[in-house]
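Heads up: the structure comes next, in structure tokens.
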């Protein structure tokens, strides 16, 4: 008998039981679902909720900050040169025995570029020509703004952060920089995805001209309307002009013009339509010795984006993973029969490993 003489009817008992079952269902449905998921999928990794397999980066944003980094590094390069406080010193010798120079411009540009890129994309690997002193970390903020010309030409595209390697050249043509041959000097940033160059930025600090391009995206630079395949103008390193000249003239004839120049960035721009008076024009770029990847990655990306080619002297694609150097020399061209050029210059490969 219920307290105080109240009787529960069979209908009331049924309602009470249904309410109780509803409460129990809400309390334990989440638990049961979790156990079912465990049974079907397995237990989550220890240490809390399962983390995403890898972060992603937007290549359009990475292009925007690369353009800014090249410009900011160029500001340091220009300031040091105009202040004539280079503090140049030898940092070693090339394989050919020439002294490699290091200046305050290299170091300050490198520091500015590295920390801007690292602050914006901390998850990506950055390879730089100059060593960064991590004991003197710096913060170079980026407001994540994207220039209008990049917005108009490039669509957002995400890739896994672990697939990205950024190559920085904070001062290309350091030797020419010390000689005050300013037209050859560039700062460069390249983004490689799974070893393939996809973003290239080449900035000329003393004229504030910047070329950029993204493979399967867009660019602010284009190829010239004409290239001479029969007797090409060949641009080469100032220190190796003689090695190329002999073979080139044997191959293409005595009218072949050899253009000695400094800086890999400058040489790639010589193949393109650059609206600058002091930019020489060439049809082919050839380098016959070992060269560092941060010297050539940006130019390689720009040429690829425009339909051109940069390969070793035997025609192999250059991978921007692993070691810092390219052993096989290089030949670069655009709107030409690249394979035919390689076949005409077989003897140059023999000198590339020396």
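Glycine is treated like the rest: Cβ placed from N, Cα and C.
Annotated features, as they stand in TrEMBL:
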| type | residues | note |
| --- | --- | --- |
| BINDING | 129, 169, 171, 172, 295 | Mg(2+) binding site |
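Minimal Cβ crowding within 10 Å, among the binding-site residues 129, 169, 172, is found at 129. Applying an 8 A CB threshold to same-chain residues 6+ apart, the list for residue 171 (Mg(2+) binding site) reads 73, 77, 103, 105, 106, 109, 110, 177, 185, 187. Taking all protein chains in view, 25 other C-beta atoms sit within 10 angstroms of the C-beta of residue 295 (Mg(2+) binding site). Report note: the Mg(2+) site is defined by 129, 169, 171, 172, 295, and the residues of the same chain whose CB lies within 8 Å of the CB centroid of those residues, excluding them, are 168, 170, 173, 174, 186, 187, 188, 264, 265, 292, 294.
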